[in-house]
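Colleague: Copying in the features that Swiss-Prot gives for the protein in this structure:
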- HIS567, HIS571, CYS669, HIS673: Zn(2+) binding site (BINDING)
Amino acid sequence: MTKFTTEEVRSKFITYFKANNHTHVPASSLIPHNDPSLMFVNSGMVQFKNVFTGQGKRPYNKAVTSQKSLRAGGKHNDLENVGYTARHHTFFEMLGNFSFGDYFKEQAIYYAWNLLTKEFELPKDKLYATIYHTDDEAAAYWKKIAGFGDDRIIKIKTNDNFWSMGDTGPCGPCSEIFYDHGEQIYGGLPGTKDEDGDRFIEIWNMVFMQYEQIDKDTSIELSQKSIDTGMGLERMTAVLQHVNNNYDIDLFQEIINFTENIVKVKAEGEAKFSYRVIADHLRASSFLIADGVIPSNEGRGYVLRRIMRRSMRHAHMLGSKEPLMYKLLPKLVDLMGNVYPELKRAESFISSILEQEEIRFKATLERGLKLLTEETETLTKGNKLSGEVAFKLYDTYGFPLDLTEDILKNRDIAVDHKGFEEQMLMQKELARKSWLGSGESKTNQLWFDIKEQHGSTEFLGYTLNEAKCKIIALIKNNNLVNDIKEIDTQFLLISNQTPFYGESGGQIGDIGTISAKDSEVEVIDTLKYLGSIIVHKCILKKGQINVGENANFSIDIRYRQNLRIHHSATHILHAVLHEVLGKHVTQKGSLVAPTYLRFDISHSKAVTNEEITLIEDKVNEIIRDNHEVTTTLMATEDAIKQGAMALFGEKYDSEVRVVKMGETSLELCGGTHVRRTGDIGCFKITSESAIAAGVRRIEAVCGEFVITLMRENDSLLKSIESSFKTNKNELITKVNNILERNKEVEKELEKTLLASLDLSIEQIEKQAAQITGIKLLYKKVGNIDNKILRQAAENLTKKVEDLIMVYIAEGIGKLSITVAVSKAITDKYNADIIAKKLSLFLGGSGGGGQASLAQAGGNDIGKLTNIHEKLYSLLTV
């Protein structure tokens, strides 16, 4: 049997099916674009799901893929086993061949058998097949093609061998191919009591989609039968490299060896599992970041954070004191970057996110581990860590629950999940204690009822600013009403069609007026419910408005034009950011208002002044070029093929609007836009800031608002010139002179304060209290800077060998604690411990420092009256 590399296995699989007239379809993002039921793509069929359900079509009827997949959240969560078992991974590659109404069972089995035995040269006597127990057709084909007897075809009665998407929809029996690693390895055939062993390993699964489930009791034959198959690349490579553990294949071993050379610890014994965790999690983290996921405390971002922090904890176990994962990234890019170019494109961004997250977590990891050690000292095998402690680790130290469980795994200590969930619920209740209910659930049902009765609202605003529309519903205080009579009453109005744009896609809703007969209504906002009901938020200004009557709907044209300007500028900005900052930039959020735009992007560091200038120049150049802005309706798949930018996780219909601005920008967008880029006028960035780890926010103004900004800045400059009694040419010089003078004054003040706090040896001897053979000197001072107190305390402890110096500075509603200990006595008295205990006594949360010098804070000023007693008790224990 020939030995293949991982790359060769992948390549041979794809080449084989291409030679058999399958279209090679590139891997989709790990983020499912059109499937809200999934957090991550977890198999090869996900990108074809709409084809299998009949909701979509492709220009081919046979496909082959190598699909990057991830299982670390929700139903498919393998995280706790990763690194400890032979075949569990968070990130893995799924090889698959697919037929959409072309070939079926016989050809699928033939393709699989031929590839395994002829191309990969697997011994035929090592292979077995499972089938669904009623699928005699598949059994017959296995006998015909592979020559299997009944002893090699295993009938399975459970749903493990019958696949379905849900309670209804396409479904069908499965046939799995198993490889026998040999009797030297424990395990039995599928269906036996020893089936969970590692001897017989599933290497290929074929799903024969031949039925449609109508309800729980009824299914019918599909007229168009399909094939969905999956072969785990890592598993297959292990078989072809004659190893029984996926982590022993070439790809993982190269990462592990590379890590070993950095960490300088052998990948043996318990350390072996940590190396495997790191290798697996490096792949998962890097590919998630490349696909636009950023570590956060919710959703996909939290799954990424859990994976990264689990890896960091294992790096810590190996003795790594510095960030490690970002140092391993170049090796991963070298191994997989040619197959997945997104890794190469986003390498610098991935590296910075990995390093930042490791630095951030390192600050709390050791403290959290210390707390966990203290809390489990008295626990023995089979005991449980309290939910309260687990929640404190999660809430205060950033330990995901599964990380705490992973740490305790080897000690056979569990975590009280119920107690943890109770603590989580308590926190959520506290967070919502000011929320008293608003009839929201009732209102949600109301929208569903309206949609069921009247359908979606037709939007006319792409071509019309004014239209005659029929009022189909009025809502006041969460209730449907027939009319509105009270002047200045706020209410919601729904019509069959409207020129008003409902807030969506970052663009806020239109304002304007609605008039009918003798009535007049002011529209103060326009919203969108259930994705397709446009709702006008109104105030009655005159007369009476009724359900069923026709009314004249008119948007505020100037307001809409300013929205158009800022929305089109957002598209141009997005394209320019790709060019200036890199292809890793993805949209994380946006707001298009009539007076400004806000755009949040994935980028790990501050945008420099030089980059901001370059971005502004390029955006304004595109505006001046006055490109035509065109809008086209096309199939989503065609739009993305043409290079249209789509947002990760955004759900798009089968037909989408594609907005094109010259050759600069091509995006899927349902918003309103200018006719030519020149209509924007001009563009100016007003601010750039961080809003989360790896996410930057850019705000900008366009058109007339740039002129307004310039006038405001000019007015401010004149006011500053007047205050400093100078002109703009000399302003910087004057300000710098003042700053220099301030520095000198601050230095003089610092010297004066230090001198006032200084004491001679004789004064120290006289003022200090004698406690257990050492001197304690406590001083309460005013709101003096910590830096000065630190220096003063250090100066005094250098003069006397047995002194503990404590300063407590009282500010507005807060206390600052400084503790210094002479180095000669730090073996007995630790400034860090004293400062932390004083902080807790004074209502703080602890501090930090070294044995000879530490600082902390507090806020319970009333307890200062008992500070002497507390100090004495701390030092006499």
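Cβ coordinates are placed from backbone N, Cα and C, and glycine is handled just like the others.
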Colleague: Which of the listed binding-site residues (HIS567, HIS571, HIS673) has the least company, meaning the fewest other Cβ atoms within 10 Å of its Cβ?
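Modeller: If we count Cβ atoms within 10 Å for the binding-site residues HIS567, HIS571, HIS673, the smallest count is at HIS571.
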Colleague: Per DSSP, CYS669 (Zn(2+) binding site) is which: helix, strand or coil?
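Modeller: Its secondary structure by DSSP: coil.
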Colleague: Cβ within 8 Å of the Zn(2+) site centroid (HIS567, HIS571, CYS669, HIS673 excluded): which residues?
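Modeller: Counting only non-site residues, the set is GLN507, ARG564, SER568, THR570, VAL592, VAL629, VAL659, GLU667, GLY671, THR672.
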Colleague: When you measure from the Cβ of CYS669 (Zn(2+) binding site), which residues in the chain that are at least 6 apart have a Cβ under 8 Å away?
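Modeller: Sequence-distant Cβ neighbours: GLY505, HIS567, HIS571, ARG657, VAL658, VAL659.
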Colleague: Does DSSP give HIS567 (Zn(2+) binding site) helix, strand or coil?
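Modeller: In three-state terms, HIS567 (Zn(2+) binding site) counts as helix.
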